[in-house]
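What Swiss-Prot lists as substrate binding site is ARG56, LYS147, and the listing cites similarity to another entry. Per Swiss-Prot, active site, proton acceptor is recorded for GLU188. The active site, schiff-base intermediate with dihydroxyacetone-P annotation in Swiss-Prot covers LYS230 and is backed by similarity to another entry.
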Amino acid sequence: MTHQYPALTAEQKKELQDIAQRIVAPGKGILAADESTGSMAKRLNPIGVENTEENRRLYRQLLFSADERIDKCIGGVIFFHETLYQNTDDGTNFAQLIKDRGIVVGIKVDKGVVPLAGTNGETTTQGLDGLSERCAQYKKDGADFAKWRSVLKISDTTPSELAIMENANVLARYASICQQNGIVPIVEPEILPDGEHDLKRCQYVTEKVLAACYKALSDHHVYLEGTLLKPNMVTAGHSCPTKYSSEEIAMATVTALRRTVPPAVSGVTFLSGGQSEEEASVNLNSINNCPLAKPWPLTFSYGRALQASALSAWRGAKSNEKAATEEFIKRAEANGLAAQGKYVSSGTCGAAGQSLYVANHAY
């Protein structure tokens, strides 16, 4: 039996667990506002807004200055490096603004995907070099949790054993480094929705990927109570001819999680994976109403599915800021209800029903 060398003190463990539980308190989820500079171009260009640092600041300000209604449905906000050091018009630091509202500040720490040689177009994620020092600095600058995204795709030949193992180990190494610096790691092994696979195939792959991740987290002595999982929902591929109900998606998703995710994990915050705003809320609601025992909070960590209507309403105009912020609040409240299984869909209306799917989505 391997000898156990304590990785974290009791105090460190308590701090990590407390942070994780605050983020996923009942009815709360995460606003993922950590789009990289390149990804912001994909958000701003379609609405005719130039992708400048100032326009990115103005847009994030519009989200972060939403009134107190979001305090009860947003438990954490994930920042991109640039955003962490930007200020509101009156000079208040964004991170401080969010913290003062009782919302936990997070930071994206990975440096993007790179090709994994010898595979059929698969990737691993870079960013471990210097991560410990960056985490120490981010902690000083107000961040209490972090995000790292690994990407896997489903095809006849993928994900390969190599890609599954490599990404699981990189996620575990990242998680371990974060915890040593007092930062709660969000573990995000995203299985892309690209392809024509059916629901069963996605469920099978999701189970294999999550099983590998939790084996790696155990091997790396990661304290599970001080982590969150950010998985894809189990859905059929975008090109699959069969359409499944939200109840079928919920059953497949909860079954996969129950088979692989230890109850010790503090929470599961789903990514929206290019679903429309409405779909993301309806599916989350069905997951919370799934008639199986669910030992973790099941909530959201949405980017596009919280922001699409707000972006459409804003279009870069100062006169539209109030309306845009209202759209964001509306989606945040909808998802806060869905996280408790209390969301009633009003049917797909306007921008909320638009698919947000991007092929081979890279941040």
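Each Cβ is built from the backbone N, Cα and C atoms, and glycine gets one as well.
Since this is a predicted model, take the numbers as computed values, not measurements.
Checked against GLU188 (active site, proton acceptor), the recorded positions ARG56, LYS147, LYS230 differ in C-alpha distance, with LYS230 being the nearest. In this structure the C-alpha atoms belonging to LYS147 (substrate binding site) and LYS230 (active site, schiff-base intermediate with dihydroxyacetone-P) are separated by 9 Å. Distance noted between the C-alpha atoms of LYS230 (active site, schiff-base intermediate with dihydroxyacetone-P) and ARG56 (substrate binding site) is 25 Å.
Secondary structure at GLU188 (active site, proton acceptor), taken from DSSP and collapsed to helix, strand or coil, is strand.
Mapped onto three states, the DSSP output places LYS147 (substrate binding site) in strand.
For the recorded site, ARG56 (substrate binding site), the DSSP three-state label reads helix.
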